[in-house]
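What TrEMBL says about this one:
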type: REGION; residues: A:1-20; note: region 'Disordered'
type: DOMAIN; residues: A:41-337; note: domain 'Aminotransferase class V'
type: MOD_RES; residues: A:K197; note: N6-(pyridoxal phosphate)lysine
type: BINDING; residues: A:R346; note: substrate binding site
2 protein chains.
Amino acid sequence: MTSSFFPPQRTLMGPGPSDVSPRVLGALSRPTIGHLDPLFVQLMDEIKVLLQYAFQTGNALTLPISAPGSAGMEACFVNLVSPGDTVIVCQNGVFGGRMRENVERCGATAVMVEDNWGEPVSVDKVAAAFAEHPQAKTLAFVHAETSTGVRSDAQALCALAREHGALSIVDAVTSLGGIPLKVDEWGADAVYSGTQKCLSCVPGISPITFSPRAVERIQQRQHKVQSWFLDMQLVMGYWGGDSKRAYHHTAPVNDLYALHESLVMLQEEGLENAFARHLRNHQALVAGLEAMGLSMAVAAAHRLPQLNAVNIPAGVDDAAVRSALLSDFDLEIGAGLGALAGKTWRIGLMGYASNERNVLSCLTALEAVLARQGADIRTGAALNAAAAVFNAG
Amino acid sequence: MTSSFFPPQRTLMGPGPSDVSPRVLGALSRPTIGHLDPLFVQLMDEIKVLLQYAFQTGNALTLPISAPGSAGMEACFVNLVSPGDTVIVCQNGVFGGRMRENVERCGATAVMVEDNWGEPVSVDKVAAAFAEHPQAKTLAFVHAETSTGVRSDAQALCALAREHGALSIVDAVTSLGGIPLKVDEWGADAVYSGTQKCLSCVPGISPITFSPRAVERIQQRQHKVQSWFLDMQLVMGYWGGDSKRAYHHTAPVNDLYALHESLVMLQEEGLENAFARHLRNHQALVAGLEAMGLSMAVAAAHRLPQLNAVNIPAGVDDAAVRSALLSDFDLEIGAGLGALAGKTWRIGLMGYASNERNVLSCLTALEAVLARQGADIRTGAALNAAAAVFNAG
């Protein structure tokens, strides 16, 4: 017989899922009601409005896809890309590669704009790609690369797409709620995110938003969307406007309780305060890491405050360090991904997990484990350096 | 400012979601851990084994898709159907129509076998379709039609597919855990279900299983699967065999805690006991409804014990009755769907919701509301009729 599962209480400072607020876990386990219950329909309406706040948009088509961020990505591509299209896809980490897969599975051609992992997308290269491929109708890029901890200039890239009459598809999985993401002001056309990063919510849901221009393209499609589950015309019918809702699928009721609570918390804190908190904790962490003698993998101008890529010091056993942090401190940090596997750690400070206690306990645990492994680090300086940032703030 | 949401405590006796066990809600809100945490990987392995038990299969490729049943349906079609294929699709309710949509969006041709809503799929008609379309490589049908409360003969249909060298795709969303579903004995090739019906779990996840023959077809595909998110070769890499797991998406960690707990409960009760419980409660409900003077919409031989379609008596206001049940008794029953809208109610007795208390309180509430509306029913007889079934059992 298999027994019930009782997970330990970890501190989640990897690339996500991040720590979930106890308020959100409390909401998650409230009694399930029907997905067509009038009270649930009200909840859906509130979630749409709260997501508009989080995305800083007035887009009517703003809602959570009932599946993880990868499905949110796919929802954007299958609805906006048609067979034969040309899509400019920027790759500076893992997730640009997935975008390419999505484009190609739509029967379209991906024009790749490559940048080094750990560097932002080059706006100049994208401009050159548009010049070379004037038929490109879509630009796709990652705002906050979870695999490298790099922020790209979403505002400039969205503006470039508009200049060329193209729509922009923006991966905001790790940015939503952590750094400014001004969907309307920047003119982003299709933006998807995830619940398990800076929203402090459980994984499994993908908030998305489509601009009126994107909706127009969907309505003018000549080919049926290849995914029935992700066909936005059907999903829209379920999430409804003023009219009666058409059954499409059964919404993940409890996950949406959790998402609602996490968005209520974001609204209570205020977006600007949330961004400032993420930034301050990041600065303190970096001060501590550098005081310890470690170096950051990304240039200061392009760092994501919510995801800190740290170079693994020479001679240190990557897996052994992460394993010791997990077993001795119940602390999860992330491994490097793809080209950066074995070269960096990724320390997340996302959402509820972005707090002073986590910064200090992570520095403490990392210093203890590295010292035990005989790594060449400076001990006894990290906490003071981090505290100085907090005390100044 | 939007406030936190506190749902009422409903009794869910519609077509799903059904009542979620408190044990499952408790598991759902346990602390989130990382999706690559060694303890989470163990949990994933346990879930696969528990699902094999529920599906009565030894299929290695048995796992939960991280999205609702509609995505599970799509996962079966996009992986097994290629452009140009012919698929025989049986329709005797809403969900056969969705299957057709899936087939056509794969670039394949759907040969429809139509039966009346409220009747099972005709095995003879399917045999005739195979005779007329010998090139058909796939047969798709719904085992337990949620829109009508009808059970079709999955064993005979799967056998027919095998005879013709075709694979079978079986919708078992409402059957898994409620009525016998013998994947291996019947030779079903791709079967998908949902968590929110007879598993007593929250909605949002779709358990699936693929036979070795189905896996072989996937491995021999000439066209890339059009969905990246649902590409089983990638999903398999994440859910792993013995080798290292490849990151694909972030699993919905807490939903999988809940699924695990619901499957542990199913194992504790035992499949045969769960089926017997569903049957007994169904018989008691029907006895009570008929004693009240109501009639069932489906012939006795084809009824699903977990989903009872009842004819709405003439002159009764469908919506007003359901609304009164909800507001005065916190009881949700289902409306008719599609061709049966306004003609039937669907009373679910699924999973944790299938118990004696619910049978009796549903009869009590329905009688009270119908009497208040002046419906032509017999009062005072239903509870005794139901009790007689329980006392005999």
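Backbone N, Cα and C define each Cβ position, glycine as well.
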Look at the recorded positions A:K197, A:R346 and tell me which residue has the greatest number of other C-beta atoms within 10 angstroms of its C-beta.
A:K197
Stretch-averaged pLDDT - the domain 'Aminotransferase class V' (A:41-337):
97
What else in the chain is close to the region 'Disordered' (A:1-20), if you only count residues 6 or more beyond its ends and a Cβ gap under 8 Å?
146-147, 173-174, 194, 196-198, 200-203, 258, 307, 326, 329-334, 337, 346-353, 358, 361-362
Separation of alpha carbons, the residue listed as 'N6-(pyridoxal phosphate)lysine' and A:R346 (substrate binding site) (Å)
13
Do you know the DSSP helix, strand and coil residue counts for the region 'Disordered' (A:1-20)?
0 helix, 3 strand, 17 coil
